[in-house]
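One structure is given here, and the rest of the page talks about it.
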Amino acid sequence: MTKEPRFKILITNDDGIKAKGISLLVSLLRDANFADLYVVAPLEEQSGRSMAFSLIGPTAVEPFDYPQKVQEAWAVVGTPVDCVKLAIGELFKDNPPDLVLSGINNGKNSGRNLYYSATVGAIREANLHGIPAIALSQCENISFFQEAQMSSLIRALCEFTVSHKHANPLGFNVTFPASSDNSPWKGIRFTLSGDEFLFGIPRLIRTEGNRRYYTLYDMQDKVSEDLSDEYLALANNYITAVPLISKNTPLATLSEEELAFLKESFEQSVQWDSSLNFEEDLA
C-alpha cells in the first residue's frame, strides 16, 4: 500500500518563536500527523511590522532547540518576512515548503488590520514566491483559542489551500472569534475582508530635551455603519477565512465567477463537523 506523501510545512509567526500561539499550532499539526514541520520564526516579537524586512542591515539566524518535535527550528533576528525569505531562499532552497503557516497570532488581524499585520505579511511573502499560505489569528487573546476538533479543521484548511488550483498561489487570512463566555465556535465562514481597522490616539508619555515620546491609547475598532460579513461572522462566533490572491491587490485576479467557485469549493471541503448549522442567519 502506497503511503500518501506528507506535506512540508514552514511555520512562522510575529509574536516570536517562544510564543504560545505558535506552540499551539505545532501541537495541532502534530496531532493531525499529515506534514513534516519546519519552524523559522522571529527571536523577538514583531507585531505590526507588516511586510517589513531587513533591507539596510544584516539579519541573523541560528538553530533553535524547539520544545516540541519538529524537523528543524530556526530563530531569526528579524521580521516574519525575513523568516520566509531566509527559509525559501537559503535554509530550504533545494526543497521548498508546500505551504507556509503564520500564527497563531495573539490578537485579531481581521478587516483592514491585515495590512498592518506581520502575521499576514509572512503569507504575502510566501505567495510572492509562488507558495500557498495561511495566516491564523485569535481575537482578543490566545487564551480564547479552543483546541477541541481544531486539528481536523487545520488539516482541511491546509489541504484545500495547497490543492486548489489557480493561476496564482492562494492565501487565507483565518481569524478565530472570542466571546465573553467562551462559547463553542459555530463553524467557519468564507468571507471577504471587512473595512474595520484598529484605531488609536497618540498620547505624549514623556519629553527628553527636544525629543517627545508617544504611545497609542484608546485602541478600538473603527467600523462603518454597514458592517462587513467578516465582522458579523466573528461577532456571531464563527471562524472566518478571507481569501488573499496575490498579484498586487487582494482578489485582483479573480472574476466574480471564479470567486463564487472558490467559495463553493471551500464550503464543501473545509468543515470539521457536518452537524453544525452553517446556514444560521447572522442578523
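Glycine too: its Cβ is placed from the backbone N, Cα and C atoms.
According to Swiss-Prot:
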BINDING   ASP14, ASP15, SER47, ASN105  divalent metal cation binding site
(message) I need the least crowded one of these binding-site residues (ASP14, ASP15), counting other C-beta atoms within 10 angstroms of each C-beta.
(response) ASP15
(request) Based on Cβ atoms within 10 Å, give me the single least packed residue among the binding-site residues SER47, ASN105. (result) SER47
(message) DSSP secondary structure for SER47 (divalent metal cation binding site), reduced to helix/strand/coil, please.
(response) coil
(request) Taking the recorded divalent metal cation site as ASP14, ASP15, SER47, ASN105, identify the other residues of that chain whose CB atom sits within 8 Å of the mean position of the site's CB atoms, giving them in sequence order. (result) ASN13, GLY16, ALA19, GLY21, GLU45, GLN46, PRO80, GLY103, ASN106, GLY107, SER117, ALA118, THR119
